[in-house]
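Following: one structure in structure tokens, then a few remarks.
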Amino acid sequence: MWLSPSLLLLILPGYSIAAKITGPTTVNGSEQGSLTVQCAYGSGWETYLKWRCQGADWNYCNILVKTNGSEQEVKKNRVSIRDNQKNHVFTVTMENLKRDDADSYWCGTERPGIDLGVKVQVTINPGTQTAVSEWTTTTASLAFTAAATQKTSSPLTRSPLKSTHFLFLFLLELPLLLSMLGTVLWVNRPQRRS
């Protein structure tokens, strides 16, 4: 059976645009200070939701803050997030840092199918200074200020079975595909001759 490209787009949502997300591997902050991390994403994902979550396990991390699809800043408790869609960078700021904020965090982009994300290890030092991880564009490479290690994490993808979008699309598309298959089989059934 031949499937049209438009049908393949229905079957494989979120796979039609190549995407990648990058950010610093480690960032240091000081107790009672603030910490800013910038994560970059590929073209085509400007209006998708961006998020920051906490926890070493990608599939079970706790989402702290999420954008609303615009460039408007969203703040929840001590964490804020702002998406610069023109530059394909979103910025997450944590304020009034505590020692127990030291943990693994993830910058992520919510999309149909599989979310994209990159792990950022945060360490908190005693003291009261502000740490900033900043992107500088220089000849297609990314550089960070001294507050962050000068390398990027490799992106990970979230399991599609953990994504509510995937489950919703699966439950929506499955009956459609089954009815299409039934129609094709019914049209191509052998005809009885009298």
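Every residue, even glycine, has its Cβ placed from backbone N, Cα and C.
Bear in mind that the values here come from a model prediction, so they are computed numbers and not experimental data.
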Problem set entry | Of the candidates Cys61, Cys107, the one sharing a disulfide with Cys39 in Swiss-Prot | Cys107
Seminar exercise, completed: CB contacts under 8 angstroms to Cys39 (disulfide bond), restricted to the same chain and 6+ apart in sequence, sorted by sequence, are Ile21, Thr22, Gly23, Lys50, Val89, Phe90, Val92, Cys107, Val118, Val120
Exercise. Near the Cβ of Cys107 (disulfide bond), how many other Cβ atoms are there if near means within 10 Å?
Worked result: 28
For this session: May I ask you to report the DSSP-based helix, strand or coil state of Cys107 (disulfide bond)?
Result: strand
